[in-house]
Amino acid sequence: MSKNLVVIESPNKVKTLQKYLPNDFEIVSTIGHIREMVHKNFGFNEADYSPVWEDWTKSKKKFSSLSFKGNLKGKKLLSKYDIIKSIKEKASKATNIYLATDPDREGEAISWHVYDVLDEKDKSKCQRITFNEITKNAVLDALKNPREIDQSWVQSQFARQILDRMIGFRLSRLLNNYLSAKSAGRVQSVALRFLEEREQEIRSFVPRFWWTLDVLLNPKAEGVREACANRSIPIVLREINPALRAGLKFEEEKSVSGIDFLDEASAKKFGEQLKGVFEVYNIDETKHYSSSPNSAYTTASLQKDAINKLGWSSKKVTLIAQHLYEGVSINGEQTALISYPRTDSTRLSAQFQQSCKEYILNHYGEKYLSNRIVSAKGKKGEKIIQDAHEAIHPTDINITPEMVKNAIKKDEFLLYRLIWIRTVASLMADCKKSHTHIRFINDGNKFYASSKSLVFDGYRKIYEHFENKESNDLYIDLDKIRVGDRFMAKDIKITARQTHPAARYTQASLIEALEKSNIGRPSTYNTMASVNLDRGYASLNKHAFHVTQLGEQVNEELSKHFGKIINKEFTKNMEKSLDEIAENKKNYQEFLRDFWSNFKEEVKLAEGSIQRVKKEKEFVGRDCPSCASPLLYRYTKRGNEKFVGCSNFPNCKYNEFSQNKPNLTLEKLEELCPECNSQLVKRRTKFNPNKTFVGCSNFPRCRYIKKDNAS
């Protein structure tokens, strides 16, 4: 019999964690949440706004006991009943019970649920422990410093769940009845509003057109020493001679760049007047400036970088980061490579900073060391850092990306390298640069060139070292130029320019925008960007969000009737209230009571005024071959594919896209998708039915294809 029982969430952690625990410790996994709120009455008691939990003894629905990775073959299917029963049996035999679920509010709530279902005699054995990384020191230190379950954190999680039910269930029912839309939600609907506002901004944008004139000087000029590194010198028009302005249409944009011609003819006319030499009449005083490295990753900044640099989806970033945290196989041994990946903190512990600085000192020298101390504050100290986590960082800075490159999967390596480099760079010295303006004159017309030099590479050194690429900055060294040097024009270039609307949101930029508005939490960033795709409210085209017609209708009605709730400020304040509940500054039941009483009235008003959208039937002009009823055009549930169906549906289920499209799925496999945990299937290719491949059954939501398997 094991004297000590450790309860965790994910079975993926078991092997990694077992390495650091004595033999008399047994680990059991909850495999996520063990209880959910009932669906009746939105899952809470309206008398006191406490959650009502389902009866776990009746929870018999089976699911895989498997983790996110691996093969289904030979694995037992479990229900929540099976899991809770097993935990209770093991708890009754243990001397000590350590509740070691994830170190956030959701993990705190799961620990409370485990505690709540235990027999009274076993509850006294329970202690709560947390660790931000699965390393020997972190785990053993947690065991030495157990605590009680934080009821404020638990209540904050209860409030979030009930709040999401209140808003999501009522609004979803309303949308489904009047718009045939799938759902609405506290955060997803605000994200949709972001997308729609950007869509309207793009549609209403009126571009401004202008022309610029740039001159390229020949570096091989008389009196110029060593030909200025033998490169042509680009100069920008800054001021036009008053005597030459007649007939020219232009604007002076001195605060930006220089002269903007309002038509091409004016630019050409001026260009034809440029004759003779361009002489240096002044060199401005050199300005020195520095650029500091970015802080170590938060969940949001990791999402943004991985989506942009690796081309991944938000869901994939979340999944691979979880693998690295829970432990990956390195030479047959499970090793956790990064700290907890759901955090909005940029803090690094003093101990970790010291080990990282020792690495920098040993590999790059003292001049590359930063003297900054990374504090627990967020960006500019504006944001409350949830639960005082650390930033995402490697568990051991001495495990470099190159050391594990051939031992772990490619995707795991790519994300680990991103995290490792960013962490080390955050503690390196600033990059130092210099900037000088060189002034030229030609027939009273004034131009300037910018001389940029890299003085000290600082933190950029590590990016060049590990990513094998230089900075994107273009450095032009014109130090050899002196006042009085004379040049001839090599080329005069006239360029048509125009302003452009703001770019459509990508998954990365939407997460960044929501995070800057203090909307959502690290655990929800993954779904915030994707849920509107799943509901058919938006589509992705070349990685950019486009709002569908259904999405526009949903946003319009929500903004019209629930504008006080579905907006940035309300959602931001709601997150703040949840933080205050977690800090024991606000009572969660009073908070919910105040919200619910007002929200119910708004729903009643909306039900009396919202317009039911009637979709005009679009008939094909021929009858159904199965039942002779008229055929009409329909749309799939997600609203993104048109097909021909019978008007007598559901009595007649004839449709033509299933008639015209062959069944591409051949068989389901006993293997899970490594990206979304759905079952893999064997399929025929679309254009060659004789060729097969293995892909995800969750297509098109997940587009994973197993490589090297086509036949």
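For all residues, glycine too, the Cβ spot is worked out from N, Cα and C.
Keep in mind the model is a prediction, meaning the values are calculated, not measured.
Residues or ranges marked as active site, O-(5'-phospho-DNA)-tyrosine intermediate by Swiss-Prot: Tyr340. Per Swiss-Prot, the feature Mg(2+) binding site maps to Glu9, Asp102; the stated evidence is sequence analysis. Annotation comment: Swiss-Prot describes 3-134 as domain 'Toprim'. Summarising the annotation, Swiss-Prot assigns domain 'Topo IA-type catalytic' to 150-604 and lists sequence analysis as the type of evidence. Taken from Swiss-Prot, the feature region 'Interaction with DNA' covers 183-188. Feature annotation from Swiss-Prot assigns site 'Interaction with DNA' to His33, Arg160, Asp164, Arg342, Arg535; the stated evidence is sequence analysis. Look at Swiss-Prot and you will find 624-652, 673-702 tagged as zinc finger.
Positions of Swiss-Prot features highlighted on the structure.
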residue : record                                                : contacts (Cβ under 8 Å, 6+ apart)
Glu9    : Mg(2+) binding site                                   : Ser29, Thr30, Ile31, Gly32, Thr101, Asp102, Gly107, Ile110
His33   : site 'Interaction with DNA'                           : Ile110, His113
Arg160  : site 'Interaction with DNA'                           : Arg105, Leu578
Asp164  : site 'Interaction with DNA'                           : Gly185, Arg186
Tyr340  : active site, O-(5'-phospho-DNA)-tyrosine intermediate : Asp102, Pro103, Asp104, Asn132, Glu133, Tyr325, His389, Glu390, Ile392
Arg342  : site 'Interaction with DNA'                           : Asp102, Asp104, Thr299, His389, Pro522, Ser523
Number of other Cβ atoms within 10 Å of the Cβ of Asp102 (Mg(2+) binding site) across all protein chains:
21
Determine how many residues of the domain 'Toprim' (3-134) DSSP places in helix, in strand and in coil.
46 helix, 30 strand, 56 coil
For the domain 'Topo IA-type catalytic' (150-604), would you mind checking the mean pLDDT of the predicted model?
88
